[in-house]
Ligand code: PHE
């Protein structure tokens with residue numbers, strides 16, 4: 001029976017609440033901000049094709065595995081995996097799979113909260129409008145806003161204050177528990193998010209250069225495709241679906257026995273992918289019509305978007321909606337990231353949920369205080385988590401679910417029959433080898449790119465052009 005070896009006593013209030021909380025976790029900056037430019041840069045439509053393959057054949061089975069393991073064990077990622085290993089008389093060292101994931105979620109949160117803090121600052125600024133801003137004044141505004149400015153509302157102290165506010169909001173929500181906190185917030189914010197997204201997309205399509213946006217996002221550019229593309233697609237899929245970090249194991253631990261895991265997973269994957277595919281239409285049409293580059297990373301959101309809004313009639317109204325919806329999406333993801341650590345701590349004797357949340361929030365604030373102004377930290381963490389740790393966590397979790405756990409172990413969670421057969425085939429024969437290959441080649445490729453290390457010739461044949469030291 002589900003939960004027989006478990007200790008969690010709390011449950012989601014309803015299936016709808018569980019879905020909203022999961023979609024809230026999945027839909028975040030990853031869909032909204034990372035997906036569109038990653039797609040544009042990595043081969044457009046070709047990337048999207050790989051992405052969809054990764055989501056369907058790797059993401060979906062892994063998501064089901066995580067929920068199933070969570071509900072079966074009834075515990076957070078680390079304890080849950082250990083208890084399942086015990087039940088199969090296997091080594092406790094499998095707990096490592098949970099550890100990798102949980103640490104990764106913490107790293108992700110450490111940069112996620114910083115970007116969320118910027119979003120708060122920009123949301124506040126957007127009420128004043130961005131009228132007449134050009135690319136260079138917007139660039140300066142971004143640098144000032146993230147804490148280098150003279151103005152009191154562009155200063156480091158101001159940013160630290162916003163960071164503290166953001167973390168306190170997280171602590172309050174996570175501290176109130178899964179049903180009374182996370183689920184409640186998600187059932188309000190996510191529907192609001194969807195409505196606001198449709199409004200902004202409609203506005204952007206009506207006022208911007210939609211044709212150019214379509215070709216930037218969807219037109220396949222096969223010449224940009226390499227192993228890097230696969231790694232980018234896989235890392236993006238993991239990040240976007242919130243898998244490979246033990247989070248969905250934790251969410252699964254709060255599932256009622258009668259919730260259908262395959263069906264719910266399908267719904268969550270579909271919503272997340274849909275948002276990623278349409279998010280670009282909130283952004284690129286007006287970015288292009290303002291004559292801006294589809295620049296990547298932070299600058300797209302925080303430099304180009306203000307210029308775009310400032311140059312378009314109605315932009316003054318749309319800008320707060322845009323930054324508001326991005327903040328909603330980021331907040332429902334950050335509370336889920338915090339839940340990973342909190343639910344683990346809570347399983348310790350004498351630790352309360354609120355105490356655990358305050359502790360985690362405090363540590364995060366200290367990290368934030370040190371790194372809130374460092375773009376290098378964000379880049380590095382982004383690279384480490386997406387290029388390495390997320391696929392690694394997913395590899396361990398899928399291997400564990402497919403090869404260490406017996407089929408019977410998860411029958412109570414996933415049922416028997418065609419779905420079970422397909423799932424078990426994928427999670428054993430497809431998911432782990434595929435992740436492994438992508439991880440090895442993709443990581444080397446990225447190293448070559450990022451750190452300009454020339455690789456041996458035979459690898460270059462596989463991975464594409466080698467990096468050549470500049471002459472002279
Ligand atoms: N899925 C979230 C996003 O797309 C980020 C996230 C990753 C949240 C991992 C939780 C766990 O922004």
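In case you wondered, yes, glycine gets a Cβ from its N, Cα and C as well.
Note that the structure is a prediction, hence the values are computed from the model and not measured.
Marked as transmembrane segment by TrEMBL: 12-33, 45-65, 96-124, 157-178, 185-206, 230-254, 266-288, 300-333, 354-375, 387-405, 425-444.
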Any contact, the transmembrane segment (300-333) to the transmembrane segment (185-206), with at least 3 Cβ pairs under 8 A: yes
Two-stretch contact, the transmembrane segment (157-178) and the transmembrane segment (45-65), at least three Cβ pairs under 8 Å: no
Same-chain residues at least 6 beyond the ends of the transmembrane segment (45-65) whose Cβ lies under 8 Å from its Cβ atoms: 35, 38-39, 217-222, 224-225, 229-230, 232-234, 236-238, 241, 243-244, 248, 261-262, 265-266, 268-269, 273, 276-277, 394, 397-398, 401-402, 410, 414, 423, 426-427, 430-431, 434-435
Range from 96-124, 185-206, 230-254, 266-288, 354-375 with most C-beta pairs under 8 A to the transmembrane segment (387-405): 230-254
Contacting positions for the transmembrane segment (96-124) when only residues 6+ beyond its ends and CB under 8 Å are counted: 28-29, 33, 76-82, 145-146, 153, 158-159, 162-163, 165-167, 170, 239, 244-247, 249, 298, 301-302, 306, 320, 323-324, 326-327, 330-331, 333-334, 337-338, 340-341, 344, 364, 367-368, 371-372, 377-378, 381-382, 384-385, 389-390, 392-393, 396-397, 399-400
Leading contact stretch, 12-33, 185-206, 266-288, 354-375 vs the transmembrane segment (230-254) - CB distance under 8 Å: 12-33
Surrounding residues of the transmembrane segment (12-33) on its own chain - C-beta under 8 Å, 6+ positions past either end: 112, 115-116, 178-179, 182-187, 189-191, 193, 236, 239-242, 247-248, 251, 254-256, 259, 264, 267-268, 271-272, 275-276, 279, 282, 300-301, 326, 329-330, 332-337
Cβ-Cβ under 8 Å with the transmembrane segment (354-375): same-chain residues at least 6 beyond its ends: 109-111, 113-114, 117, 146-148, 156, 159-160, 163-164, 167-168, 170-171, 174-175, 298, 338, 341-342, 345-346
For the transmembrane segment (185-206), sequence-distant contacts whose Cβ falls under 8 Å of one of its Cβ atoms, 6 or more beyond its ends: 16-17, 20-21, 23-24, 27, 173, 275, 278-279, 281-286, 314, 318, 321-322, 324-325, 328-329, 331-332, 335
